[in-house]
Amino acid sequence: MVTNLFCFFLEMSDTSALESLVEMGFTQNRAKKALAATGNQGIESAMDWLVEHEDDPDIEEEIETSEPVPEETESTEMTEDMDTSAGRAFLTEEEKEKQTKRMMELIAQKQREREEREKREKIEQEKQRRKQGQELSAIRQRLQEQEMQKLADDRRKEKQEELKARERVREKIARDKAERARKFGGATAEPVSPPAETPIPASALSPSSPTQEPPVKKEYDQCRIQIRLLDGSALSQTFRAREQLAAVRVYVELNWPGGAGEPFNLLTTFPRRVFTEDDMEKPLQELGLVPSAVLIVAKK
């Protein structure tokens, strides 16, 4: 009999706390879950739990609750427990108002904390955006400087090649004159007129004449890359042979008309090869793209 009375008062206490939470604006599922999670220690503990877990994805899911069966104790102890439970079961309007005020303060505090956290996250995102913009600007400036330096180097090399070609032609003409003098310039009884000078063919004056020194394999330090975009247009740029393939990808991203809308791969067709992220760290000469190559842009 005593056990049944204790269970009755305990159920009344839980029911009263549940009703109070519902009256404060919480759903029944949330209120039940909060009371179960705090061990039915009171409305304030339940409200604290609700504020902490209001964003849980499973907050509205129903839970199965089972009433604990208390062991029988001495009648005096049961009486005190019933009195305490009965005292907690009913709240006055003033207590409800205080608890509601406490709940609103907790909610407002959580809202302020969330706003502060979101504000810090926005500031950090803005810092990251500015940092990325500065990095892209530095890369763009470096590419422009490299292009200007490349143009100056190319012009200087062209002048050097022209001077060398002229020097080779002059040397060949001098050798030909010396050879003719040796053949026809010796002492004779009668003066012998040398044969008419045969014009030197243009191929003999060319730097690539077979009579010149054997050609030496040229080491290229520049690489001309043509990139075909998805819309059929093309980009063309000269890079250093030791630059990484990542520099080509950055150049495409910066000079793509309208900007690259989605991630892309770089590949060659003959032979077909799709370059991976590991290839981006390799020099162009190691990838076989020197002195010139055509790269195709493809969607990932």
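A Cβ is built for glycine as well, from the same backbone N, Cα and C atoms used for every other residue.
Features of the protein shown, as given by TrEMBL:
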type	residues	note
DOMAIN	12-53	domain 'UBA'
COMPBIAS	58-83	compositional bias 'Acidic residues'
REGION	58-218	region 'Disordered'
COMPBIAS	91-127	compositional bias 'Basic and acidic residues'
COMPBIAS	142-182	compositional bias 'Basic and acidic residues'
COMPBIAS	199-210	compositional bias 'Low complexity'
DOMAIN	218-297	domain 'UBX'
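Across the domain 'UBX' (218-297), the model assigns an average pLDDT of 91. Assigned with DSSP, the residues of the compositional bias 'Basic and acidic residues' (142-182) fall into helix, strand and coil as follows: 41 helix, 0 strand, 0 coil.
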